[in-house]
């Protein structure tokens, strides 16, 4: 520090920002990060570590640890995500069966596990064993009859209501961010938005527990989407242990991209599909290094889940299947029809669900989330119980619909009339006429399909964890199985038709209804989410067969084309826009011929732009400007007369810098001059100490001219992840364009409400 008298001389004034102070470089909640700045900070950090590593062995070891920290984080994410997924699968299996009965030998066994351990189970009655008792058998010693049915029906509803009430209460009290799928918010966070607490430890704990409860309650939702959120919470926890990731928001998002891949890997048992899902669907910035690490995290997660073996079938998912019959070119027509159905269902679902969610947000309905969950659960349980295809868990339903009918299958869907003289291998059973069980199953599936379509619209978006992958796949699988059975019976009874004559002879195994169910599931999931490449890879990883890629591709592409004809938004983008998040989708096209001057602020009739001058404002002036405005930052100019641009100062860093200067630097008072230049300005004698803030000044803010086309500006914001862009003409500041301004302009050009973009 120097005396006031020699301030104008040597210029050796201390810049207190030479030493870092707490919270500098951080962002406020519900604001967007500056990608360029984060990238620059990481480059500086890496350069510093590299130069220090040559000084000593210890510094060299530290540089190696820094380089390997990314792989260690991926390993930890994979281990924890795989473990949590296995625990969730085991708990869901037990609690779903708990609604119908209990195992007397060990109450923590599910129905299947209970009968595995029994020595009195026969192959024909493998679902029945004395150790497993329904509630009616346990309470009133009756397994058949009206009274037993009514008691089981009542207890099924009570258990469902109990699970749902407990779940919504836990979410409401302990972790409000644990509700929903989580993927729309993950996409927004990965694009650079800050939502503090969304990936916190409480959210991880409550989402894991409540996910088990809501899936077990029988609601029309899945655990696959929320598992991505759970995995990202794991990633956020482990990255906080390493300063490389905890102090840089850009690097943090690389970890979260890999964690999302691990989440899909354990959700579907599809490590490669998980990496592609993260790349295609959720990630905003995905460098090659992140691709490798995502693959490693997905691999470790899948290996961990396989080690736990939650389904007891040595597979990663419940509905793993293998088909033994090839598909034929003539079948492409029904596959494409299923793609059309998937696209139409996706469009219907998105429009109806968004309309219902908007109604929930804008009416009194949103004030009663617990009541809404209870009512939807009660309706679901009451309607679902009488139909065997809606009573069971949705994953088990999909597993049965995907299955090929072998000689040992006992499902109603496999109740065909067999030829008593048939002597063929088990895996090569010819097409047969449908029996009464198949016809019963068909109308039950038709009712279940209508019920699933309607109830899913009202279930997705409630204040509980709710995934959309499994309900969408169930809708498609039911439609596909019915189409498959129809084609199979058509080929059997009319094998002399020209379309069947060349490839379906009498006694041949021509049509696999389970394959149609799988194609229908892919089509409906694609119609809702608009996934293509990752969807096909996930589906063929589920089935273990490369032979069926073409039918899956045909259905996925058709469903996307049909759905895109009615609107480009998938369900996750629609929910992002509904919530007003500042998400600049790379898939959106901007074709309007507007200029930067049309979008920048201030506009005509508005107050002039709030700016800082390089060396003529006092601390009090700066504090008053901050207090009277809510801008994220301020351009710094030479003077208000010339308005020649010097740089850009962030609001948060100005506040922190002034606060720390008052605490740590003697002589800084309200009328101290704030300067952003290298040397202090010339001041009269006995003036208070000036405050140098050059270190927080961004000397190279991104600028465009006022005649830059908005198409170029939008592209710059997308590809560089900017928060704001300054508009100049010949070096003179004219205005500013923020990310919110860009999004509002795009909404206005698309005839949407620009005020729906609520956050910065």
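Even glycines carry a Cβ here, placed using N, Cα and C.
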Transmembrane segment range according to TrEMBL, out of 68-88, 89-109, 110-130: 68-88
Matching range for TrEMBL feature annotation, transmembrane segment, among 7-31, 32-56, 332-356: 332-356
Per TrEMBL record, range annotated transmembrane segment [choices 230-254, 255-279]: 255-279
Which listed span TrEMBL calls transmembrane segment, if the choices are 468-487, 488-507, 548-567: 468-487
Listed stretch, out of 291-312, 368-385, 441-461, 515-540, that has the most CB pairs under 8 angstroms to the transmembrane segment (199-219): 368-385
Other parts of the chain folded back onto the transmembrane segment (255-279), taken as Cβ under 8 Å at six or more residues beyond its ends: 70, 73-74, 77-78, 81-82, 85-86, 186, 189-190, 199, 223-225, 227-232, 234-236, 238-239, 245, 285-286, 290-291, 293-302, 304-305, 315-317, 320, 469, 531, 533-535, 537-538, 541-542
Among 68-88, 368-385, 441-461, 515-540, stretch most in contact with the transmembrane segment (153-178) (C-beta, under 8 angstroms): 368-385
Top partner of the transmembrane segment (291-312) among 68-88, 332-356, 368-385, 441-461, 468-487 - counted as Cβ pairs under 8 Å: 68-88
Non-local residues, at least 6 beyond the ends, that sit with Cβ under 8 Å of the transmembrane segment (515-540): 264, 268, 270, 272-274, 276-277, 279-281, 321, 323, 325, 327, 334-335, 338-339, 341-347, 349-350, 398, 401-402, 468-469, 472-481, 483-484, 487, 546, 548-549, 551-553, 555-560, 562-564, 568-572
Number of helical, extended and coil residues in the domain 'CBS' (697-755), per DSSP: 24 helix, 19 strand, 16 coil
